[in-house]
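Under the heading transmembrane segment, TrEMBL lists 80-96, 108-130, 142-162, 169-186, 252-272, 284-304.
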Amino acid sequence: MGLASAVHQGGGIRISLNFHLRVASVSPTVQLPRWTGFRFSNHRVSLVHSEEERRASNSYADSQEKLQKSEAYASSVKTVAFWVCSAVAFGVGLGLKEGVGKASEFFAGYILEQSLSVDNLFVFVLIFKYFKVPPMYQNRVLSYGIAGAVFFRLSLILLGTATLQRFEAVNLLLAAVLLFSSFKLFSNDEDDTDLSDNFIVKTCRRFIPVTCVKYFGQATPLLLTVAVIELSDIAFAADSIPAVFGVTRDPFIVFSSNIFAILGLRSLYTLIAEGMADLEYLQPSIAVVLGFIGCKMILDFFGLHISTEASLGFVATSLSAGLLLSLAKKAD
């Protein structure tokens, strides 16, 4: 009997139960419970979710940064357009009140100052990179620099006007300065990106003790940067103000053309700071203009006068050619 068997012994019946237990052999490969697999699977999913969240966060930060840059760019375009339109309106009003000659002098001085300001912005870019100034503080530094530039340029214009009225031969000195600047721009083969040996930077470091303040792990001595910007603008004025004096002797026109060019400088910096390296032919065109005005001042000293209208046409043509050639080369 499989489960029970009957044994007859002495008339008695003894029932014996036989249980047969079968033990299945255990395979050496242990299969994990299903819930354990779900736990590991959920862990992998959580890691994937974390990675996706990190990417989404970075994407959102990048989109916000692009949006802020786009808004800053649009605001700068509006500001530059406002100051350009203001300068044009001022020049037209000046022409209606004082005549076409005064308006031509103003526009010649304004275009000349604006072009020189664009060239000077390249130096400002190098200064900000050298001192590691974060973008959020660059506009503040430029605002301080513009405020100082208005004061210093007014002082230089008044001093230059008084000097030219008393000493006519100073024209030859100013012409020599312009010709020398033109020559330097043409023959500038040195690497100007390293400002460590720059005279202005070394002088400011020597006389201005600076405590470096950390912004995002980078040292940014703003006071020293402002000082370098101010002294650099004074050095630039040594070229630009004599150039405008080569167009007109009227201190009001010299000052007004300088001011209108300076007031839009901060917004203009935002527009072209990233693409200034592409304006390859702007510097040679400025060199041509400075050389022309230097020669004009020499001719004026010896009684050979070149009209303001002709000067305005030459300045506008030269600068436009340099800009168009730069854009054409960039397009290629």
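Cβ atoms here come from the backbone N, Cα and C positions, even for glycine.
Ranked by number of Cβ pairs under 8 Å to the transmembrane segment (108-130), the listed stretches 80-96, 142-162, 169-186, 252-272, 284-304 are led by 252-272. The stretches the transmembrane segment (284-304) and the transmembrane segment (169-186) are in mutual contact, each linked to the other by at least three Cβ pairs under 8 Å (pairs 6 or more apart in sequence).
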